């Protein structure tokens, strides 16, 4: 087995390699003076089972291009099998054409690129939409960060806990978490009563004096989570903690979180925290390196991966 890393998240790659008791394979991933990606493998991978670790987070296009060129370099070096480990799958929110709009299905475009360049398998975490697995004509393992998030919730033993979905679209995810926690479920229904009127947030469920655990797959500008926290506190919630797998945290996200009624935002390290986010006292990061390392080992050993899932 060989572990390779792009530049998107070197620390996660090192952590995964450490759990597997393997060194990171030496590779030079850099830029030419005009910005083009340059890759050179410094060790042979002929006949090896190669895992390339590269989340396609911001800068999305640079990281995606790095991944594609790494795959091509490995394929041309006669690797036996190439698995792309993409902890955060960029473009995953562009997975359909809403109302027949004249827009691309960019997640499908990315899937085509990864397939055509020569990957044999994809490993990713908490896809924004499960159906993206069907965009690939090769095996896709979409593992869930739920075991890591659940472990943290159990460790903190929150009193009077209730799981909350921040919108109707996230109900399935929230219900699954609530089932494992043996907790009640609340849903925030956000709607605009009439055109040009402010959105009204209806909370389905009793949250008064409860510790509310908001759950979502990713946090981008944090607008939805911050609005949800305000609505929950206005309904008497004692505490509001958000658990999200992917810390995209773009634009005014950190400022929104600091000014919000959120007590804490807990994320994983599928994406590295930028400096402002890392310095925010309300944001705490958990590691999924051990879970990914175990998944990588099982794939390489041709063992079952499904027992790691918490659905």
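Glycine too: its Cβ is placed from the backbone N, Cα and C atoms.
Bear in mind that TrEMBL entries carry predicted annotations, made automatically and left uncurated.
Keep in mind the model is a prediction, meaning the values are calculated, not measured.
Under the heading active site, TrEMBL lists 190. What TrEMBL lists as ATP binding site is 34, 35, 36, 93, 94. The annotation Mg(2+) binding site is assigned in TrEMBL to 128, 167. Sequence annotations record features per position, and here TrEMBL assigns D-ribose 5-phosphate binding site to 192, 216, 220, 221, 222, 223, 224. According to TrEMBL, the domain 'Ribose-phosphate pyrophosphokinase N-terminal' annotation covers 1-118.
Structure with TrEMBL features highlighted.
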residue : record                            : CB count, 10 Å
34      : ATP binding site                  : 5
35      : ATP binding site                  : 8
93      : ATP binding site                  : 15
128     : Mg(2+) binding site               : 18
190     : active site                       : 15
216     : D-ribose 5-phosphate binding site : 23
220     : D-ribose 5-phosphate binding site : 17
222     : D-ribose 5-phosphate binding site : 27
223     : D-ribose 5-phosphate binding site : 14
224     : D-ribose 5-phosphate binding site : 18
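A mean pLDDT of 97 is what the model gives for the domain 'Ribose-phosphate pyrophosphokinase N-terminal' (1-118). If you draw a 10 Å sphere around the CB of residue 94 (ATP binding site), it holds 18 other CB atoms from the protein chains shown. Recorded residues residue 190 (active site) and residue 167 (Mg(2+) binding site) have their alpha carbons 7 Å apart, per Cα-Cα distance.
Across the fold, the C-alpha of residue 94 (ATP binding site) and the C-alpha of residue 222 (D-ribose 5-phosphate binding site) stand 19 Å from each other. The binding-site residues close to residue 216 (D-ribose 5-phosphate binding site), defined as a CA atom within 10 A of its CA, are 167 out of 34, 35, 36, 93, 167. According to DSSP, the domain 'Ribose-phosphate pyrophosphokinase N-terminal' (1-118) comprises 42 helix, 26 strand, 50 coil. You'll find the Cα of residue 220 (D-ribose 5-phosphate binding site) roughly 27 Å from the Cα of residue 35 (ATP binding site). Secondary structure at residue 224 (D-ribose 5-phosphate binding site), taken from DSSP and collapsed to helix, strand or coil, is helix. DSSP assigns residue 216 (D-ribose 5-phosphate binding site) to a strand segment in the three-state reduction. Taking the Cα of residue 34 (ATP binding site) as the reference point, the closest of the binding-site residues 128, 221, 222, 223, 224 is 221. Residue environment of residue 167 (Mg(2+) binding site) contains 16 other Cβ atoms, counted within 10 Å of its Cβ in all protein chains.
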